[in-house]
Each structure stands twice: as structure tokens, then as C-alpha cells.
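Asker: I'd like to ask some things about the structure below.
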């Protein structure tokens, strides 16, 4: 907490007072794992490291040379990430006032992270116990009979807990780098805009490489370990084509943590942001991130726990879910087509994401600093886009080479070419999503400028224009995703791969390959996403430490670009979530057919109960979104009341004669966000299980044994479709409102402090829970619904 003398002391006029910041540090937080490692002797650590590497080489060699390749690329990419970290941390932190602000943000973020993940881990252990009990008493599928009930239960629970742990670590990595890079970007902005851009990109790149590398390495280690322990492909044991099915727990664990991380972090960041803006900007007329605003530290902490930690966990589970679903579909297709060596089709997703690490690293390194000081010579968005274009070109080359290497089979010699084209469809879809989202959220384009113009006639017209823009923005992405799914399915279907009866079987795998294509540049896209909150924090530190206006102009420009990159990443995440959910849905139908020994390849919504399941799925999305937004609203009300109280009770705050109590606002949003994240999160987990159980018993009494599974399939299908549209609307509308405000702040339409600006702030506060709480949580939700139904499928029969 703050020192009493700074809390109550008279600090003198603004210009005369020393630029110091209250010491808010309590004590530095280091995770338990790191504390244990730091106490171990360096030589012992090196021995353990070599033993670990030796273990990886051993299980890799026992499994497949492809696994060894994946391990090698992941380890090299981790070394590259360490290089990026050392490069970023070698940069100076600037003057003492910047360092003190940064330390306050760091402590707030790490304190909340510790409490939030403590709560999530307790819930994860309870759910793991429930899964264990269910698996001990559930129906066995043919591929699990070789394992036995107990082994199947232990494997699923271990996978679930490992997925949850890795997802949490991905979130921590995202936050760890952002709270250290923000002050270095602020300091660099005093010298050169290009240097500030480069530091923010490389800091985001570190986080992205670690997150993607962990997702790939986690699945690869799990696959290789189970391959060796279970003696896969030996007489009387599990077949390699069935092995990916035991990994679904990993995806569920990752989704579980990502959902609560996104909800808790989103409620925290947007409640603080809304509270700070409504009282600070609108009522008091002070600038954004002004040190007089009691909620400013909570707002800056929120950028890290909401945008960095939560997005790291979100993209981690996206990649994990997509890899596992594609491995399942690859194994299923290889089994149906009687392919002699199915390893290539199963391990293909791991190779694609290994190449993603390589090409994204090249894209990150392509963004260089310049020696020139002052403003940027070119638009930062153009610099980032150029890096993305380099990554896209390399992705096309590596994807084509990978399909020839992994997917060539004598049964259909040209199939690999069809699958390479599927990958190209996915890569083009990703680029289209990024461009469409940029068009609707960047203030260089007409939609945002039209929205800003609507602010000139009042608050109401701003809201109407923002909602209509969000609704319109769903059309193009849906058309793109529709073309992508149909094209990829058709290319796979005509690949020449057929089953014993001559029926083409490559359609679904073609869609899986398109999803891999879309996510083949995931590390670079996540880099652009992490760039946003780091630039936002840097701007806050510059404002709070009263740097010259020219420095704030640089950070404002980077912040506006960061808003666009965050919006484009969300568009990218929705597109990949749509494709991944389609794959997981197909995997669910395959698993139900396997358990029930009856064909299950279509869902008939003309059956009343199945139609009701669809309605419940759509309703779930709306109810979840409502609870997420209302959680932000309630918490923001507490912040608004607290900020108003401080301005009334401490009138000296506005004259810089008294210090605001920043810690009080941090405590309010931290406790409220942890309390509020439970209800929507529990709704997402309990709903599909409750619906499945209810209709299973109804089917039992009415003589329809598959009714529970069919209703859950319908619920999943409708929830996915509704969720994609809702997330597109929420994310784009929120991003557009934010950048319309930023556009006016550049001096357009009256500039800062004008009535037009105040109307734009209202739109921005409405859009805050849309784009940073409800919207991003929905892409996690639709994938978690798919993984939870896959894990619980036997219970619905």
C-alpha cells in the first residue's frame, strides 16, 4: 500500500512537484515452481535439464522421427524466445517515476493473477474428480477396452490437469512479459517511435512463441508418452489411429482455464476502464490515464490480466483443441482408408505448428528499429502488415512442403496436392479475416469515420451507429468462413482417398487441414495481439509520469494501432474457433457412433427434442453474454462510486495537493471480478452436461437410446453458429467504438473535451465489455462446449 506521508501529504502545484509516484509495492511475487527452481543448485538444475532432454529424445525415438523433429523445433524456438527476452530486458526502464508506476502495475497484475489462478485451480481439481468418477462407471468404447476403466480414467484426468496447468502457464507468460516490457516501450518512445514499436513487437513475440511452443510440445509429449507407456500398435494393445482420442482431456483442461481466465481478466480490465473513463474523462474532464484518477492503476493492471494473460490462455487452448481434433480426424480417416502408415496423417498438425514457430520468428525479426529519432516515417500498422505478409508467404511454402512430406500415400498419389490447396484456403481465410476486421475497426477506413461523425449529433446516435456497424460486420466473415468450409471439404472429398466400399472419406480431414492453414501463422498473429496492451500500458505510464506531449503522441499512435491489432486477432480467433468447433463436432459424432455401434452422421432438427436442444444452445450464448456484460456493469458501478467518493472527500486531488487511493480501486475490481466470473463460467460447464443427462433419461423411457447424444449435438451446433455471429458483432462493434474515440482524440470533429468526444466516450464504455469480456469469452465457450461434449459423450448414451 501507499506510504502515509504520500497519501496525506501536500505535494504542491502540478508543475513544481517532483515527479514521484507512491510506493505501492508490497512484495514481489514469484510462482512456487520458480521459487523451488531458484533454490536448487545450478549444477543440479543442469543435470535435471539434461535428464529431461534425454527423456524427450528417448520417447521421441521410440515413437516416431517426426516427434523428434517437433521436439527439436520447439526447443530451438524456446531458445529464440529467451534471446528475445534478454534483448527486451536489456533496454532501459527510463526515469525513476516511470519505474515506480511500472512496479505498481506489476504488483497489481501479479497479485490478481495469483488469486485468480488459485481459485481456478481449486475448481479444476473438483472437476477432475468428477471426470474421474464418471469415467470409472461409464460405458467403454471399443478402442478403450484394451485400456480398462481405471487406466482410461487416470489418463483422461492426467490429460485434463496437464492441459489446465499448461494453459495457466501460457497466461502467466503473457502477463510476465507485458508488465516488464511496458515501461521499456515508454522509455524508448522518448527517443524513437520505431524503437518503441520494435520493443513492443519483440516482447509480444516472446509471449507468442512460448504459448504456441507450449501447446505443440504439450500435445507431442502427451502423445509420445502414451505411445510408449501403452505399447501402442503391439499385439493386443491400442491402435495408433485411436491414440488421439485419449488426448481430448488435454483440450478440455486448456479450455476450462482459458474460459475463467478470459472472464475474470475481462471483467477486471473493463470494469476499471469504464469506471475510470466515466468519472475521469466525462465528469471531471481530465485526460486518459491521468495520475489524478483513482482508477487509473486498476485500468493499467487490467490491460495485463485481461488482454495479455487471458489472450495467452485463449490462443493456447485454440491451438491445442485444433491439433487434437485434427489428429483424431486424421487417425479416423487413415483407419477407414486402410493406409499402411497413418503416422503422417496423425502427426501432420504438430509439424504445421512447428513450422509456424519458425516462420513467425522470421516475421518478428523482420521488424527492425531505426536510428532516427522522433516520429515514425511510416504507419506502424503498415510495418506490422509487412511482417504478416512475409509470414504468410513463408506459410504457403512450408505448408506445401509439409503436405508432400507427411500426406503422400501410394493409395492416392495426388491427395497431398488437394490437401495443400485446403491449407491455402485456410491461409487465405486468415488473411481475409484480418483484413475485414481491420476495415471495420481501423479509423483510416470509412466505417469508423462514419461512427465518429455520428458522435457529433449526440450519445444516442453514436450508440445506434455502433450497433448497426457491429451487426453489418458479421456478413463478410460469415461468407468467407462458409466458402472456406465448403471449398476445403470439397477438395478433401475429391482427394482420391476412399474407404473399403469406395466412398470418398477425405472431406472432413480437408476441413481440418484448412483450419491448420488458418492457424499456421498463429504465433505472429498473437504477437500483433500482445503488442496492443503493451502499447496501451506504455501510453498510461507516459501520461502518469508527465512526459512531454510529443512522447504521448507516439504512444497514442501505437495504442490506436494496438486497438486495431487486438480487434483483428479476435476476428482471427473467431474464424479459427468456427473451423475448430466444426472439427470437434465431427469428432463427437464419430465417438458417439463408436460407443453406440450405430451410425451417427446427421442430426435431424425436425425431431422436437432435437430442435429444443438447438434453441437451448442459442439461448446459452445470449444468457452467457448477458451475464458477462452485467458483471462488468455491476463492478464498474462500484468503481464509479468509489472514484466519485474520492473526488468529493479529497478535493485536493484535482489540484495535485492530495494523492488518490489507487489501492482501493484495485481491491474493488479484483474481488468483484473473481466473484462475478463464477456464474457465467458455471453456466457454460453445467448446461451441456445437464441437457445431455436430462434427454438421455427421457430417451431411455421413450425407447430412443441416442436421444441424449442427438440433443447435445443439436445444442452444440446451434451454440456454435450463434456464438460465431454474437462474437463477431461484439468484438467488431467494441473495437470500432474505441477507435472512433481515438480518431476524435487526434483532433478530428472538435478533438478532446468536445461534446462529440464525450459522446464517443459513451460509445467506448458500452463497447468495452463487448470487445474485451463477452466477445473473447464466446470463442473460448464454443470450443469448450465442443471439448466437454467430446469428453462426456459416453454419459449421454
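Glycine is no exception: its Cβ is also placed from the backbone N, Cα and C atoms.
Annotations in TrEMBL come from automatic prediction, not curation.
Checked TrEMBL, it gives:
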- 40-60: transmembrane segment (TRANSMEM)
- 66-84: transmembrane segment (TRANSMEM)
- 153-179: transmembrane segment (TRANSMEM)
- 199-223: transmembrane segment (TRANSMEM)
- 345-367: transmembrane segment (TRANSMEM)
- 415-436: transmembrane segment (TRANSMEM)
- 474-493: transmembrane segment (TRANSMEM)
- 505-526: transmembrane segment (TRANSMEM)
- 572-590: transmembrane segment (TRANSMEM)
- 610-629: transmembrane segment (TRANSMEM)
- 681-699: transmembrane segment (TRANSMEM)
- 711-733: transmembrane segment (TRANSMEM)
Asker: What stretch of 40-60, 345-367, 505-526 shows the most Cβ pairs under 8 Å to the transmembrane segment (199-223)?
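Answerer: Between the candidates 40-60, 345-367, 505-526, the best contact partner of the transmembrane segment (199-223) is 345-367.
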Asker: Looking only at the recorded stretches 345-367, 415-436, 474-493, 610-629, 711-733, which one has the largest tally of CB-CB distances under 8 Å to the transmembrane segment (572-590)?
Answerer: 711-733
Asker: Are there residues at least six beyond either end of the transmembrane segment (474-493) with Cβ under 8 Å to its Cβ atoms? List them, or say none.
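Answerer: Sequence-distant neighbours of the transmembrane segment (474-493): 418-419, 421-422, 425-426, 428-429, 432-433, 436-437, 504, 506-511, 513-514, 518, 571, 574-575, 578-579, 582, 724-725, 728-729, 732.
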Asker: Counting a contact as 3 or more Cβ pairs under 8 Å, with residues at least 6 apart in sequence, do the transmembrane segment (610-629) and the transmembrane segment (711-733) touch?
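Answerer: Contact criterion met.
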Asker: Are there residues at least six beyond either end of the transmembrane segment (40-60) with Cβ under 8 Å to its Cβ atoms? List them, or say none.
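Answerer: The answer is 67-68, 70-71, 75, 221, 224-225, 227-228.
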